[in-house]
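The block underneath contains the structure these notes are about, expressed in structure tokens.
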């Protein structure tokens, strides 16, 4: 009984599906017949007059497809009784396509007809076509057309399309303001745009540049709007150097007392203490940050050799470096500042050199309580952590210290489980991971494969799965829940192998080896790419940069870009958002 019941139930479901498919076929067939009747002008009861073109149709079909025609034909409007209905300000080809859609549910939307179709679909209230046009335009938004699409969406009451266009404008403002569309905007739209907190910029000087570009495009006619436009620039957020060298020298500013007052107000802001600055609200709200990640390399043993590497265009940019020579030091980046710690000349260096990438300025702070070289460092939540190292030729240390960037004070934390120097250390998801290294810098110092993790919340260390290969002087980077150990050396020589630690699984796995063996590897990761920018092979240095794609497990040797010439350099990823363009020029 039960089995037959199941069979009957299954049979009913199958019959329903077949009936639904058959119904769809029948409906398509009916509409196909009606469309043929329309083309043959059979039983048509209305003619749409569009300019000089006559388009026959059936009222019931138009009324079903369009709320506009539904109201026209079912109310007491004059057109409800007219055989010919004139559609003013309409394009014949577009109306033909909409009528065709009413019968077939098919329409071709492309870059040539989308604006006209959207306008007509909006006017005649044909929602499916309107949605198709909106979806098409959302996919086409770019820097050259986003402003026009935003205006169109506003005029045609398409909030979803406007939101997409506006979000693109704000996200890509630094590209948008350099287009012809931006220069041709009216003063109301420019003023509104420059006032947005959500403009994504590297620094406020880009907003200033946008304002000046717009004013100069038609200077005689836009002169009366100068104060209103420049009032939207947040001068206190512009660097003091840019204000004095570029803004103050601009003829537009010099010739206008009101604009000069804005610049002076911005310069005064830089003279205030941090406490007094916090009390100011007007003109100091930050914009949305446009992250600009670069890799900074500092000469170490050759301090005059300091550069940025830009992974977007593979360019090198010099950094002004006045600090002294350091051997086997470490560097980290936090909140616009690069901290250079440890290292030695004849003796360990006690001072910590600091470089502000936004202000392009150097200054010094008190370094780690225990001066040493061959240490490792990383940053997390406003704190700089240093681990291990050695005190000039001595055995490796268990030491673990922390510098609080807010209070500018050093604190000794619980020691590592294993003494180590020439190791790697990275922050990942709020935890501090330490991998590899050796027991000392002398020949007898055993190379390690051990790993451990520190939890700042509990101030405890936990031993982890060891690396497959013991290594020191290797690169160590964190990419998407994986920690990659790149090259380095074991007790026998240089390594080309690469392995990663899966944080979730607590295990190491080998991946594709480097196309080069590195006794010392200097690498950093931006996005999913690991860049090896410097290194030493034992008999020579790395000639050209190497790239490793962590998603495809592929290495590329870039023969067009020379590697950094100093193999004992320091390396870290920095965010130059906020830095003046002149500072970053190649």
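Note: Cβ is positioned from N, Cα and C throughout, glycine not excepted.
Taken from Swiss-Prot, the feature domain 'BTB' covers 44-111, and the record attributes it to sequence analysis. According to Swiss-Prot, the domain 'BACK' annotation covers 146-248. Residues or ranges marked as repeat 'Kelch 1' by Swiss-Prot: 294-336. Feature annotation from Swiss-Prot assigns repeat 'Kelch 2' to 337-382. The repeat 'Kelch 3' annotation in Swiss-Prot covers 383-430. The repeat 'Kelch 4' annotation in Swiss-Prot covers 431-481. Annotated repeat 'Kelch 5' per Swiss-Prot: 483-528, in sequence order. Sequence annotations record features per position, and here Swiss-Prot assigns repeat 'Kelch 6' to 530-575.
For the repeat 'Kelch 1' (294-336), same-chain residues at least 6 beyond its ends with a Cβ under 8 Å from one of its own Cβ atoms are 342-345, 349, 353, 355-360, 362, 373-379, 382, 384, 386, 405, 422, 522, 524, 526-527, 529, 531, 533-534, 545, 558, 560-561, 564-566, 568-576, 578, 584-586. Counted over residue pairs separated by six or more positions, the repeat 'Kelch 2' (337-382) shares at least 3 Cβ pairs under 8 angstroms with the repeat 'Kelch 6' (530-575), which defines the two as touching. Helix, strand and coil counts from DSSP across the repeat 'Kelch 3' (383-430) read 0 helix, 25 strand, 23 coil. For the domain 'BACK' (146-248), the predicted model reports an average pLDDT of 95.
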